[in-house]
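What Swiss-Prot records for H113, H117, D307 is Fe cation binding site. Swiss-Prot lists L135, A136, S137, G138, G139, D168, G181, N279 with the feature substrate binding site, giving sequence analysis as the kind of evidence.
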Amino acid sequence: MLGIETTCDETAAAVVARDSDGKGRILSNVVRSQTDEHALYGGVVPEIAARAHVDMLDHLIDAAMREAGIDYADLNGVAAAAGPGLIGGVIVGLTTAKAIALVHDTPLIAVNHLEAHALTPRLTDAIDFPYCLFLASGGHTQIVAVAGVGDYVRLGTTVDDAMGEAFDKVAKMLGLPYPGGPQVEEAAQRGDAARFAFPRPMLGRSDANFSLSGLKTAVRNEIGRIAHVSAQDIADLCASFQAAVLESTADRLRVGLDLFKQRFGAPTALVAAGGVAANQAIRAALDDVAQQAGTRLIMPPPALCTDNGAMIAWAGLERLALGMIDGMDAAPRARWLLDANASVPGKFANTRAGF
């Protein structure tokens with residue numbers, strides 16, 4: 001399966017095989033980040049991202065096919081992320097996949113980008129359904145029950161900022177380079193997490209939702225109180241911010257796991273995916289939560305947590321095995337819920353992230 005990913009600021013292509021025993025093998029996984037193109041602006045510029053996908057995608061597909069050592073005739077299908085994401089990039093990837101499918105008479109699979117993250121652990125580990133997924137990225141923060149391919153139940157979501165978005169915005173406040181998430185993590189290692197008493201959002205609530213905008217505002221206010229922000233101030237602010245995120249996340253996940261057990265029984269695992277899952281401090285916190293819940297933690301390698309083509313190819317293989325094939329009328333989507341039955345969390349007006 002050829003997989004194509006173009007939903008944000010990574011252009012990626014990969015070839016993944018599925019053996020007769022169901023195990024996956026990554027034959028190639030080529031990713032070209034657009035960090036340099038967007039660094040000047042301190043964030044992703046959709047028009048620049050779309051043009052970069054146009055410029056790079058054909059070359060990356062050629063490289064992925066060469067590295068895999070196969071011809072197009074060897075493919076059982078081509079999968080592309082059809083959303084959710086920046087619509088210009090999504091159109092580039094899906095249109096390219098349709099062309100390949102038409103020319104080489106191979107099945108097309110239009111993959112939900114979030115589903116690809118949700119299924120990635122089955123590419124790297126032997127894991128059965130149902131499992132509990134913590135998906136945290138620049139655009140999404142969700143706790144999801146993964147009951148099967150195409151069968152997802154959202155247990156919790158952010159009601160404002162996504163976790164990766166909050167990390168990036170705090171980095172920007174502090175003048176740290178883009179992308180900000182890794183910069184905050186690195187600075188936090190040198191800081192005093194007890195110096196600033198930031199709020200722990202949503203702590204103790206009976207639902208499993210997240211909220212990060214208030215914490216982000218608290219960081220901004222604290223920065224404003226410091227006359228001259230030093231390197232140590234930056235490190236302490238990052239450490240204190242990250243500590244608040246970790247405590248809040250652990251609490252939200254404990255509630256999410258309880259909700260999972262009430263509906264599905266004990267999960268086969270707690271699984272983490274998305275770019276934020278590459279943060280080592282968050283990984284350690286998730287491990288503690290899993291141990292307390294009496295389940296195992298499964299986290300794909302960092303390179304498979306961030307956006308990549310292998311996860312799209314694997315999701316395509318999972319869907320193809322169940323006969324889930326799409327036609328040429330498959331539409332690109334800027335928004336695409338993973339859980340089709342999800343509703344907006346009650347009592348919150350700002351629900352842009354994840355909806």
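The backbone N, Cα and C atoms fix where each Cβ goes, glycine too.
Annotated features, which come from Swiss-Prot, shown on the structure.
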residue: H113; record: Fe cation binding site; DSSP (3 states): helix
residue: L135; record: substrate binding site; DSSP (3 states): strand
residue: G181; record: substrate binding site; DSSP (3 states): helix
residue: N279; record: substrate binding site; DSSP (3 states): coil
residue: D307; record: Fe cation binding site; DSSP (3 states): coil
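The binding-site residues shown are H113, H117, D307; of these, the one with its CA atom nearest the CA of G138 (substrate binding site) is D307.
When every Cα pair among L135, A136, S137, G138, G139, D168, G181, N279 is compared, the largest distance found for this substrate site is 17 Å. The number of other Cβ atoms within 10 Å of the Cβ belonging to D168 (substrate binding site), over all protein chains shown, comes to 23. On the backbone, the CA of H113 (Fe cation binding site) and the CA of G181 (substrate binding site) stand 21 Å apart. Neighbours of the Fe cation site: apart from H113, H117, D307, residues of the same chain with C-beta atoms within 8 angstroms of the site's C-beta centroid are E5, T7, A81, L114, A116, S137, G274, N308, M311, I312. When secondary structure is read from DSSP and collapsed to three states, D168 (substrate binding site) falls in the helix class. H117 (Fe cation binding site) sits 16 Å from N279 (substrate binding site), taking the Cα positions as reference. Between the alpha carbons (Cα) of L135 (substrate binding site) and D307 (Fe cation binding site) lies a span of roughly 12 Å.
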